[in-house]
Amino acid sequence: MKQLTILGSTGSIGNSTLSVVRANPELFKVTALVAGRNVREMAQQCLEFSPRYAAMSDEHSAKSLRLLLAEQGSDTEVYSGETAACELAALDDVDQVMAAIVGIAGLPSTLAAIRAGKQVLLANKESLITCGKLFMDEVKRSRAQLLPIDSEHNAIFQSLPERIQRQLGYSSLNENGVSRIILTGSGGPFRETPLSQFSDVTPDQACAHPNWSMGRKISVDSATMMNKGLEYIEARWLFNASAEQIEVVLHPQSVIHSMVRYHDGSILAQMGTPDMRTPIAHAMAYPMRVSSGVAPLDFCKVGALTFTTPDYQRYPCLKLAIDACNAGQAATTALNAANEISVMAFLDSKIRFTDIEVINRTVVEGLLLSEPTSVEEVLVIDRKARDVAAQVIAKLNN
């Protein structure tokens, strides 16, 4: 039985992970749960899965959780803060760590799991977007095992030779017969919306994804296709791919989750019903296969599968992310930070949908930054970019 720590247990990925545990209780045991401030949901999770430990992001939330659990007779030990999250990610008797805390906030605990040599189920793409080489160097040094959770990266992983799977981030695609990775994306809810209407898009409209059920931040990223841009950056690091070895294709049906093209002309693709429980179950049980609880794909109901080239006028954030990736780690760190701030401002109705790209581009182009050589330097770039993004937002509101 695999012992599991879930970082970000009350989020979308965390809940899907617990759904897989629920479907396979003989295979997985939850040892620790880590979340932000959603006390009531964390209490429900603790009562159902009886973890030994739980941690909240702040002491006030932790105190509230202790009171709720004490009323129910739970003996789960409750802690708070980033240090606690890192300690629970590195517990000696934990086999797997689901790294699903959204944003740069998830970096310290994800790195703690890596440094402890755990099998890390990586849903926190920001770890690679901001720390790329530094992160992969830690993986190599600690001999941790990375298993990608994003549906696209998991699809690519499944379609690659086992030799690459076992040496993720360091094997040569070319030497293993791979010519190109094809990263697919639906295009989000505004794929056919007239560009003239983009400035009037509301947060609720942006969060109404046609195929996937996701959190609000990632839903907005999907609408701008920044999510695909961030996935592009992540894929470059995860699969040791050059710019010439990866392309992005729009696939509105979200049935083919990504593809790998080989030298002999073959293309391997992973297909399935769009449900995050599928890649989560694959990574949790790897190299075995277990029930995910997802309904099987019905090809007759799906009908046609279509593909188009992304339009950068419609999706300028995608182009911005690809350009940042080619510029280096400082640019991708700044972009990620600016995007977190701008999306938050949009969700709070402080800026327009079209302002997201403007803010992101202004931050990336306006900061003159050296390439980071440590995680501490990455965090400095992150803070600077957030400050500049906040200043740009303030100017837009004046």
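Backbone N, Cα and C atoms are what each Cβ position is placed from, and that goes for glycine too.
Taking all protein chains in view, 22 other C-beta atoms sit within 10 angstroms of the C-beta of Thr10 (NADPH binding site). What Swiss-Prot lists as NADPH binding site is Thr10, Gly11, Ser12, Ile13, Gly36, Arg37, Asn38, Asn124, Glu126, Gly215, and the listing cites sequence analysis.
In this structure, Glu152 (1-deoxy-D-xylulose 5-phosphate binding site) is part of a helix by DSSP. Counting Cβ atoms from all protein chains shown, Glu152 (1-deoxy-D-xylulose 5-phosphate binding site) has 26 others lying within 10 Å of its own Cβ. Feature annotation from Swiss-Prot assigns 1-deoxy-D-xylulose 5-phosphate binding site to Lys125, Ser151, Glu152, Ser186, His209, Ser222, Asn227, Lys228, Glu231; the stated evidence is sequence analysis.
Swiss-Prot lists Asp150, Glu152, Glu231 with the feature Mn(2+) binding site. If you take the C-beta of Asp150 (Mn(2+) binding site) and look for same-chain residues 6 or more apart in sequence within under 8 angstroms, you find Ala123, Lys125, Glu231, Glu234, Pro279.
Of all the binding-site residues listed here (Thr10, Ser12, Asn38, Glu126), Glu126 has the Cα closest to the Cα of Asn227 (1-deoxy-D-xylulose 5-phosphate binding site). In the three-state DSSP scheme, Glu231 (1-deoxy-D-xylulose 5-phosphate binding site) is classed as helix. Sequence-distant contacts (6 or more apart, same chain, Cβ under 8 Å) of Glu126 (NADPH binding site) comprise Val102, Gly103, Ile104, Gly106, Leu107, Leu230, Asn336.
Taking the binding-site residues Ser12, Asn38, Asn227 in turn and counting surrounding C-beta atoms within 10 angstroms, the largest count is reached at Asn227.
DSSP assigns Lys125 (1-deoxy-D-xylulose 5-phosphate binding site) to coil in the three-state reduction, placing it in neither a helix nor a strand. The Cβ of Gly36 (NADPH binding site) has Gly8, Thr10, Met56, Ser57, Ser61, Ile101 as same-chain neighbours under 8 Å, each 6 or more residues away in sequence.
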